[in-house]
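J.: Handing you this structure, nothing more for now.
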Amino acid sequence: MSRRSATSSGHPKVCACPSGLDPYRLPNHVAVIMDGNGRWAKARGLPRMVGHRAGVEALKRTLRLCSDWGIGALTAYAFSTENWSRPGDEVNFLMTLFERVLQRELESLEREKVRIRFLGDLEGLPSGLQELISEATELTVRNNGIHFNVCTNYGGRRELVLAAQKLAQRAARGDLDPTLIDENSFEAELLTAGEVDPDLLIRTSGERRISNFLLWQLAYAEIHVTDVCWPDFDEVALTKALFDYQSRCRRFGGLDPIAANHLGS
């Protein structure tokens, strides 16, 4: 089954998705909280670091599936501002892992026309990783395939505070009338500026919280929680999430059309 979707260049793209899914009702933007790497490893008697490596493979798999099925954007919560409180050896491992994976996968991302962006306090990352992030961003900025956003050293509250500070600074300089600040001007100062909000949030490992992730952008997202730990998140798990999404009636604060008709009769 094929789906025609517009890439960022405006050209239609023919995509295939699993049988039974409505190709015209897939989310344009999927966000994922990749939880359960440590639990996955512990259940197998393995070090947590093995779980993180397996999590990378799950992310590559998910990106490929989303791209193949015509989903326009994938945003992954890779490392939060709170994750610095983890043991130092684990944090160092993760930073090294990010560097190695980005070095290894950049050519493939470019070949597949993926546009990658890293969202967060990037200046707080190791200098080598910062350089790779700049290289990857510049190399893929004109790509017209799936938008791949990697939230690294990211915190939702911090993002909102920074956006408010930028608007306040503009107002203090006289460049902005405070009475004209609205949702659009606020969104323009967010790290995700220019990206559509997520339609679907997927959280793995059964946890039911959003963990300071995309606090503004997830306002109207549908939320799917699966007990599957992130390293085991595969095509079957993603398909279930999409079926769940398509079973919802998205109301954006309004009434279900059936309920609205009933009230009006």
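Glycine residues also receive a Cβ, built from the backbone N, Cα and C atoms like all the rest.
Here's the feature list from Swiss-Prot:
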ACT_SITE  Asp35  active site
ACT_SITE  Asn83  active site, proton acceptor
BINDING   Asp35, Glu222  Mg(2+) binding site
BINDING   36-40, Arg48, His52, 80-82, Trp84, Arg86, Arg203, 209-211  substrate binding site
J.: Look up the residue listed as 'active site, proton acceptor' in the DSSP assignment and reduce it to helix, strand or coil.
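T.: Where the residue listed as 'active site, proton acceptor' sits, the three-state DSSP reduction gives helix.
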J.: Asp35, Glu222: which of these recorded positions has the highest Cβ count within 10 Å of its own Cβ?
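T.: The residue with the most neighbouring Cβ atoms within 10 Å is Asp35.
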J.: If you run the three-state DSSP split on Gly36 (substrate binding site), which class comes out?
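T.: SS state of Gly36 (substrate binding site) = coil.
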J.: Measure from the Cα of Arg203 (substrate binding site) to the Cα of every one of the recorded positions Asp35, Asn83, Glu222, then give the nearest.
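T.: Closest candidate to Arg203 (substrate binding site), judged by Cα separation, is Asp35.
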J.: Sort out for me which one of His52, Arg203 has the most neighbouring CB atoms within 10 A, since those are the binding-site residues we care about.
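T.: That would be Arg203, with the highest Cβ count within 10 Å.
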J.: Using a 10 Å cut-off on Cβ-Cβ distances across all protein chains shown, tell me which of the recorded positions (Thr81, Asn83) has the largest neighbour count.
T.: Thr81
J.: Whole-number Å distance between the CA of Glu222 (Mg(2+) binding site) and the CA of Ile210 (substrate binding site)?
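T.: Rounded to a whole number, the Cα-Cα distance is 12 Å.
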J.: Which of Trp40, Trp84 has the fewest nearby Cβ atoms, counting only those within 10 Å, among these binding-site residues?
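T.: If we count Cβ atoms within 10 Å for the binding-site residues Trp40, Trp84, the smallest count is at Trp84.
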J.: Helix, strand or coil at His52 (substrate binding site), per DSSP?
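T.: The three-state answer is helix.
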J.: Could you find out if DSSP has Ile210 (substrate binding site) as helix, strand or coil?
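T.: In the DSSP reduction, Ile210 (substrate binding site) maps to coil.
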J.: Just to verify a number: CA distance, the residue listed as 'active site, proton acceptor' to the residue listed as 'active site', in angstrom, no decimals.
T.: 12
J.: Helix, strand or coil by DSSP: which one applies to Arg203 (substrate binding site)?
T.: strand
J.: Among the binding-site residues listed here, Gly36, Gly38, which has the most company in the form of other Cβ atoms within 10 Å of its Cβ?
T.: Gly36
